[in-house]
Ligand SMILES: O=C(O)C1=C[C@@H](OP(=O)(O)O)[C@@H](O)[C@H](O)C1
Ligand SMILES: C=C(OP(=O)(O)O)C(=O)O
């Protein structure tokens with residue numbers, strides 16, 4: 001088991017670029033594989049989650065060439081995937097498993113999806129239930145709640161589905177199924193979740209409409225291969241944004257970060273806490289907004305966080321907790337129940353870890369109250385096998401009273417394999 005310890009530093013300074021967006025990288029492989037012609041992907045995230053998606057499509061007969069810079073996907077068209085000869089291993093990746101379930105349900109073959117011990121504990125009925133309403137034949141442990149999932153591909157019919165959770169994975173699974181289902185598939189959600197699928201479906205020429213009522217996908221149109229440039233992942237940038245805010249004497253420029261409005265909740269939250277964050281050189285790349293982000297150390301204050309911004313910052317809560325621990329006063333998080341069903345229960349994990357470094361945290365069913373301290377104490381904590389918990393606690397160590405040691409940090413490679421090397425380049429000792 002790999003452990004890593006971070007000592008307090010004198011500043012976070014310089015210029016960095018973070019690796020490609022995880023959500024967009026997954027989708028580029030999926031849509032490229034079921035399009036006609038070649039798709040090229042530059043800036044693809046080579047994290048373990050995305051490699052799981054890449055291997056899944058190779059196992060279904062798609063030729064994907066990787067020269068280390070650009071991926072070249074020889075698209076097979078909507079009906080060109082072939083039956084995988086073994087279980088598809090989604091590793092730790094909820095996105096791979098849920099989106100693949102939607103894509104595989106309407107194929108003319110049998111497939112099985114599984115994953116690691118964490119993924120096999122996560123809820124899957126949220127995608128199985130609407131897909132079964134569309135006519136899918138799907139099985140899972142615990143009455144369809146948990147992986148391994150068995151998928152007996154067959155013809156589907158479009159439905160109109162109001163999702164009870166704001167989840168881009170549920171929405172995207174149904175959109176992918178909708179490419180094959182007879183008629184139209186309509187999906188609405190309580191708040192708009194990340195809309196990378198909508199943007200990429202349009203980019204590949206799918207028959208799609210978006211608006212206040214949600215998204216509508218119509219089947220019958222082949223997709224066309226495209227050239228995609230993946231922007232930097234704002235969820236990875238978030239660790240360095242918080243690091244630069246909480247370490248006095250910091251100034252950090254993060255270049256080429258995706259700033260899709262469905263993902264910028266972290267910027268809104270940190271700005272409301274008093275953080276100095278500027279977006280520079282805003283532009284558009286492959287249908288996604290991109291900017292450089294300039295962050296300077298700031299005195300943060302506690303705020304209340306609830307409502308739609310929670311969806312727009314869902315993966316950033318572990319590191320938001322670290323910002324809150326370093327802020328003056330109390331930060332109140334509510335309506336964030338979804339955090340309990342991620343790679344681990346992120347409310348419980350962060351409460352445990354922050355308490356271990358001297359921060360008072362009260363858990364509620366759908367959130368937590370965090371009382372900021374002058375300085376987080378030194379201590380030893382666990383990753384709970386969750387990449388974002390590991391990186392968040394390492395960031396906490398940068399401005400703590402002493403060393404923070406985190407155990408089981410291999411999981412960082414799930415989404416951000418270059419985290420440690422980037423940290424070395426910006427930490428002023
Ligand atoms: O669609 C996606 O790429 C993702 C959606 C979110 O999950 P939910 O759909 O479960 O909210 C997010 O937490 C995950 O990291 C990536
Ligand atoms: C929740 C996450 O990913 P996934 O659901 O794809 O495992 C994440 O990366 O924080």
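Each residue, glycine too, has its Cβ placed from N, Cα and C.
Sequence annotations record features per position, and here TrEMBL assigns active site, proton acceptor to 315. Taking Cβ-Cβ distances under 8 Å and a sequence gap of 6 or more within the same chain, the neighbours of residue 315 (active site, proton acceptor) are 235, 238, 342, 388.
Here TrEMBL flags 22, 94, 122, 169, 346, 388 as phosphoenolpyruvate binding site. The secondary structure of residue 388 (phosphoenolpyruvate binding site), as reduced to three states from DSSP, is helical.
According to DSSP, residue 23 (3-phosphoshikimate binding site) is assigned to a helical segment. The Cβ of residue 23 (3-phosphoshikimate binding site) has 95, 168, 194, 196 as same-chain neighbours under 8 Å, each 6 or more residues away in sequence. What TrEMBL lists as 3-phosphoshikimate binding site is 22, 23, 27, 167, 169, 315, 342.
Look at TrEMBL and you will find 7-422 tagged as domain 'Enolpyruvate transferase'.
Between the C-alpha atoms of residue 27 (3-phosphoshikimate binding site) and residue 94 (phosphoenolpyruvate binding site), the distance comes to 13 Å. Candidate binding-site residues: 22, 27, 122. Fewest other C-beta atoms within 10 angstroms, 122.
Model confidence over the domain 'Enolpyruvate transferase' (7-422) is summarised by a mean pLDDT of 98. The two recorded residues residue 122 (phosphoenolpyruvate binding site) and residue 167 (3-phosphoshikimate binding site) have their Cα atoms spaced 14 Å from each other.
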